[in-house]
């Protein structure tokens, strides 16, 4: 609807700027405060950086399309966007799992935590997350490069969604499905199982704490992370499971917008509003700027 284009442009531009500004403020707050130089906030700053890159792979192109009234993307542009989307989505997924492990070590093994979660291990976990994300991206690209160079191919979304691009593959259905299931098992199921296992151990450790105040403090320590995990996986499952069940392109697009734009916009608010250290660091940072 042409009448809605200016409204949509303003809405998505505002959401994009809020997301980028919120994540950058979190990163600056962590960098500027020496007492926040801990594994938890190190992972949080990397997650915020991945979120900025994640949303920047799709929304700027969508804003350009709205302004130019064009919905065309080149073959190379589509593969590039798909590759970057996979890298940063996978980074988010793996970093959330790493953060769950960090919370598990902090709550279940507090005495060994400073020794185990040292700077070298934290850097190694982030590096491995990036390498696994790059490997997954290359798997998708190798499949996509088997395509004929299609022209006039329609994708019912506002970006080159990997699931829709790979559905154009020249592989037979059996081979294509086997590859997709393998990728989903490695990069979807394993991180989810890792997160669930970490939280199972966390809950078991918290229940052993004798005092009620101690239990509340331990639960609040991982409340923000748990909220982001539920939001990330909940909207992700809704977007991709819904698209598999539903045949409505409009619903698929709405689910993708919620998963990519709305979820990423809420992340910095969840971490800043539910965390006193981040809130205090942001106040001091903003007072210095003003």
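Heads up, the Cβ atoms here are built off N, Cα and C, so glycines get one too.
What you are looking at is a predicted structure, and each value in this text was computed from that prediction instead of being measured.
Annotated by TrEMBL as transmembrane segment, the relevant range among 111-134, 135-158 is 111-134.
Mean pLDDT for the domain 'G-protein coupled receptors family 1 profile' (22-271) in the predicted structure: 84. Within its own chain, the transmembrane segment (253-273) has Cβ neighbours under 8 Å at 12, 15-16, 18-19, 22-23, 25-26, 44, 47-48, 51, 54-55, 58-59, 156-159, 161, 224, 227-228, 231-232, 235-236, 238-239, 242-243, 279, 282, counting only residues six or more beyond its boundaries.
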